[in-house]
């Protein structure tokens, strides 16, 4: 990382970057949506591709001099199609939210009815939250999980679809630890005449490696981010096998975006090449093994998990029986060198600013090379701190353990 060049021009910015690197190096990152991009991915993002405007698509640009950015975008598209067995890939969305927006504008009209997962049950802001553009422009009806099991209530989903006749059903989540039944969702969509869109932002890396069923054979359109489990640059992508390519492309450009971020697209190409390797598949297998081990050890320590465990890379801790809120827990474990995020749990009695849960995931710590023995240690540290929030000596000793662990598994070593 070339901090010296930045330091010569802007020491304040360089210091912030250096401090962030230090934070990442010496804390345990358990936020499920975060990961560690490779040096190659970061180098591509910092390349001369950032200098080039390239409105349009490869072979059909509104600017000259695009022959080499065309190569980069075609590499990204072709590799994405190979990775996910898709006929169509659009790698231009700046984010997962904009990928979702592009799909909505391609398939819907303002005011159309859409069925999406409730944010408080594990959905996402762009799945119809009233504070999001999605909830303001479209008429979202929400389905959720069963209170007893914490798993998606497909009977409720089918009933709501039959009652409201949505034009689109949105599946996928930001805080759901179980495998999603895509064949059942497709069946419900076909029964009710709806399109099916799957937002696989959280599980894309698992899907690419065969560690989670793929939505591509079932959904009309699939969206994703390119970071999270996919371990690429921050960005979005749209995939489809159902012939919607022309509509989707026109709604990204010129519909909601102008010039694509060619340096990020080049980094996406690099990340997708990495994702096509056996090493990436082994990494994703370890992500899932680590999550299962971490979940089991937490439950052995008396920590309640929503749905009783995990099938993917994340778990949702229900802190109700520990007499601590999600907000308090987030701050508490951060003192011990562990980063998590507060998160609502299904049927939460606290609001989203406080919450009764925290979300935990294994992508970043697995990228550092940690395996099951480290998961047991991390679970013990996390559970001990959560159960003894007033024990400052315990917090300090845990922070020391965390620092030792991080030094044994450095990032960018």
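Just so you know, glycine gets a Cβ as well, placed from its N, Cα and C.
Residues or ranges marked as (6S)-5,6,7,8-tetrahydrofolate binding site in Swiss-Prot (evidence: sequence analysis): 119, 123, 124, 125. Sequence-distant neighbours of residue 123 ((6S)-5,6,7,8-tetrahydrofolate binding site) (same chain, 6+ residues apart, CB-CB distance under 8 A): 116, 117, 129, 142, 173, 174.
Within the same chain, residues at least 6 positions away in sequence whose Cβ sits under 8 Å from that of residue 227 (site 'Plays an important role in substrate specificity') are 33, 34, 35, 37, 233, 234, 235. The site 'Plays an important role in substrate specificity' annotation in Swiss-Prot covers 227 and rests on sequence analysis.
According to Swiss-Prot, the feature N6-(pyridoxal phosphate)lysine maps to 228. Under the three-state DSSP scheme, residue 228 (N6-(pyridoxal phosphate)lysine) falls in the helix class. Counted within 10 Å of its Cβ, the other Cβ atoms near residue 228 (N6-(pyridoxal phosphate)lysine) come to 27, all protein chains included.
Between the CA atoms of residue 119 ((6S)-5,6,7,8-tetrahydrofolate binding site) and residue 228 (N6-(pyridoxal phosphate)lysine) there is a gap of 19 Å.
Geometry remark: residue 228 (N6-(pyridoxal phosphate)lysine) versus residue 124 ((6S)-5,6,7,8-tetrahydrofolate binding site), CA distance 15 Å. Around the Cβ of residue 124 ((6S)-5,6,7,8-tetrahydrofolate binding site), a 10 Å sphere holds 23 further Cβ atoms from the protein chains shown.
Set side by side, the binding-site residues 119, 125 differ in how many other CB atoms lie within 10 angstroms of their CB, and the most is found at 119. Other than the site residues 119, 123, 124, 125, same-chain residues with C-beta atoms no more than 8 angstroms from the centre of those residues' C-beta atoms, the (6S)-5,6,7,8-tetrahydrofolate site, are 116, 117, 118, 126, 127, 128, 129, 132, 173, 174.
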